[in-house]
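As recorded in Swiss-Prot, the features of this protein are as follows:
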type    : residues                                    : note
BINDING : 38, 64, 65, 150                             : Zn(2+) binding site
BINDING : 40, 114, 150, 303                           : substrate binding site
BINDING : 181, 182, 183, 184, 206, 207, 301, 302, 303 : NADP(+) binding site
């Protein structure tokens, strides 16, 4: 079978031939339909993050945003033809309470592998195997968009963790602010705008018009905020202090500055990972005081569990195809991997399709 693999010693992506995997007892064989490409994949391909190969191998099959169809149920409770999206993390060894509880998204580093990212092969191949517990069903009508489930699950986790942090009182949020207009930021904005949690949404970027990302923001009903014209501490006076902020930029200063944009009792979740070390100058006393006296919170959020994937699949089923189509700027075959990984101002989400 064909697979797209990273050889980290170069680093280089290659299309290679690998044996079709044989499912072990309790695993199903999945035929890959499509795999989304995000910023993490590009950083992995460039050798900036992840890229650890499985034991005894010299390459890593990349790709973690996948949708596939059950080819061989192999005695599991799945049926041939079921459309599924795979989770990303797998436990290292046995005895993980996080794995036993279905909470690998909260497991400490070193206790898991991440398929297509580090330590375990991913899904950018014609077939892969997985246990049913690491697969989430998707409506057949959304099979062409199932690669959105994994990134959308991050938004669902952020909302879940935020609601848990505010479950001790009658919190009534009405506004949300997405920091970053890359593919995750635009997907997050789309989820927040089409959901029923918030009445108003905003999205931060650094683009001049005309621009396809600004078009997406405004077409779904959000308000574009240019960070070159308006700082985060100025944002509340011009627009409003927001109840929820979802950071995707990986810009270290945003971990601090986003708090300025929050309303009392507001929450910011951090999803972006900085590419390098950076020094941020702040008034520590004012920052500390603001968090305390206005009950604000900062949460780090990474990965997602099965319940978040299910919530993402439910959202996907209800979202118009036209909205999802606006987020996809290129679909390529596995032999067009250079084109699929190319990035430009016009790029939002690119996809590798194994049905081409």
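Easy rule for this one: first residue shown is 1, then count along the chain.
Each residue, glycine too, has its Cβ placed from N, Cα and C.
Because the structure is a prediction, the values reported are computed rather than measured.
Residue 40 (substrate binding site) is 11 Å away from residue 65 (Zn(2+) binding site) when you measure Cα to Cα. A 10 Å radius around the C-alpha of residue 64 (Zn(2+) binding site) takes in these binding-site residues out of 114, 206, 301, 303, in sequence order: 114. Listed binding-site residues: 40, 181, 183, 303; maximum Cβ neighbour count within 10 Å falls on 181. If you compare Cα positions, residue 303 (substrate binding site) sits closest to 150 out of the binding-site residues 38, 150, 181, 183, 206. Residue 301 (NADP(+) binding site) sits 14 Å from residue 150 (Zn(2+) binding site), taking the CA atoms of both as reference points. Counting only residues at least six positions away in the same chain, the Cβ atoms of 226, 227, 228 sit under 8 Å from the Cβ of residue 206 (NADP(+) binding site).
Least packed by the Cβ count within 10 Å, out of the binding-site residues 114, 150, is 114.
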